[in-house]
């Protein structure tokens with residue numbers, strides 16, 4: 001059901017291998033991949049949700065083979081091609097074969113905009129449906145974890161490991177832009193976002209320690225009231 | 001709601017008539033550095049990216065935006081009970097005042113370690129991370145192993161970082177599935193009672209603010225680089 005990126009709980013990955021004193025960027029191309037991807041989003045006209053989904057759409061074999069910044073660059077190529085901003089002929093040629101539209105060039109990011117702290121874009125919106133849940137309410141996440149906005153195989157931020165489980169609302173975070181629509185150009189459709197606590201034993205069985213919890217940010221339409 | 005095939009999703013690989021067997025990314029050169037260079041060259045030639053902005057962005061995350069920012073926040077919280085209380089209740093105005101609101105740090109929530117509860121942060125779906133406070137995430141944070149296992153076996157993962165929690169301390173793992181970014185406020189280490197904010201910040205490690213490490217105390221070892 002889920003795309004390959006949905007890693008939570010997956011078995012067989014081996015140990016985590018932390019490296020002490022790792023440089024911020026291991027190589028020059030890591031740094032440039034980060035910068036080019038960040039800078040392309042505004043002239044490219046896509047949202048953070050669309051760029052995440054482009055990485056999720058990489059074929060599973062590529063997703064597992066490619067390192068982190070390689071995934072970014074592969075997804076960037078696909079986003080640019082889908083928008084008609086870069087053609088496969090240009091990728092083959094390694095150079096531009098036609099200028100970009102002036103409207104897109106006008107949206108280019110200036111050095112001064114990133115020289116200190118690159119400006120963010122808040123995702124909280126004033127508008128949205130009234131909250132259905134409050135702190136301490138018991139809620140059940142919908143199962144299966146999937147896009148319910150009419151996009152087959154589309155983007156969602158409900159992890160598969162947490163689908164169909166009962167948890168406890170610990171906080172209401174306001175109305176947040178809804179990734180399931182926003183990733184597909186279907187509007188921001190903001191709705192209440194909650195942090196929900198799930199007992200680790202409910203998710204993983206007796207392998208987990210009693211009392212441990214997994215806290216997940218979930219949008220209202222991922223949830224229904226749990227009676228028990 | 002039906003999906004409009006003329007918009008830009010969901011299947012980038014099939015859009016604009018591309019052959020599904022050869023998606024655009026497969027046209028890139030085989031060498032990763034060349035792949036990046038190819039897209040960078042095309043985007044700069046087209047006028048969509050200013051090369052000086054590339055340099056400025058790399059310089060920013062190499063020098064100005066990194067875990068030293070989060071360490072300042074933690075040290076101040078250790079030293080100032082009013083700041084700590086306000087930080088745990090609503091960090092946004094305080095972080096805005098310190099110039100620490102921006103990309104991938106628009107909506108920060110601070111979670112506090114106590115003798116009864118340890119907190120640890122992951123993003124199982126991608127690699128969401130509080131860039132404004134900790135900078136660019138380390139390789140292990142983006143690894144399949146960490147994303148897969150932090151939620152299922154946090155104590156096993158902690159052991160791989162050399163951390164063993166005392167009996168009776170429960171674990172809360174925060175999966176960053178939305179645009180909320182979590183910062184762990186570790187417990188102040190022993191032996192730092194006489195230190196001021198600037199000296200305290202040296203004992204706050206990046207991993208302690210993710211929850212995969214504990215701050216060292218001056219009695220234990222060296223301060224964070």
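Glycine residues also receive a Cβ, built from the backbone N, Cα and C atoms like all the rest.
Annotated features, as they stand in TrEMBL:
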- B:1-31: region 'Disordered' (REGION)
- B:1-22: compositional bias 'Basic and acidic residues' (COMPBIAS)
- B:31-212: domain 'Nitrile hydratase alpha/Thiocyanate hydrolase gamma' (DOMAIN)
- B:123, B:126, B:127, B:128: Fe(3+) binding site (BINDING)
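According to its DSSP assignment, residue B:128 (Fe(3+) binding site) is coil. Confidence over the domain 'Nitrile hydratase alpha/Thiocyanate hydrolase gamma' (B:31-212), given as mean pLDDT on the 0 to 100 scale, stands at 97. The Fe(3+) site is set by B:123, B:126, B:127, B:128; from the centre of their CB atoms, other residues of the chain with a CB within 8 Å are B:124, B:125, B:129, B:137, B:142, B:147, B:176. Candidate binding-site residues B:126, B:127, B:128 yield B:126, B:127 as lying near chain A, with Cβ-Cβ distance under 8 angstroms.
Sequence-distant neighbours of residue B:127 (Fe(3+) binding site) (same chain, 6+ residues apart, CB-CB distance under 8 A): B:137, B:141, B:142, B:147. DSSP gives residue B:123 (Fe(3+) binding site) a coil state; it is part of no helix or strand.
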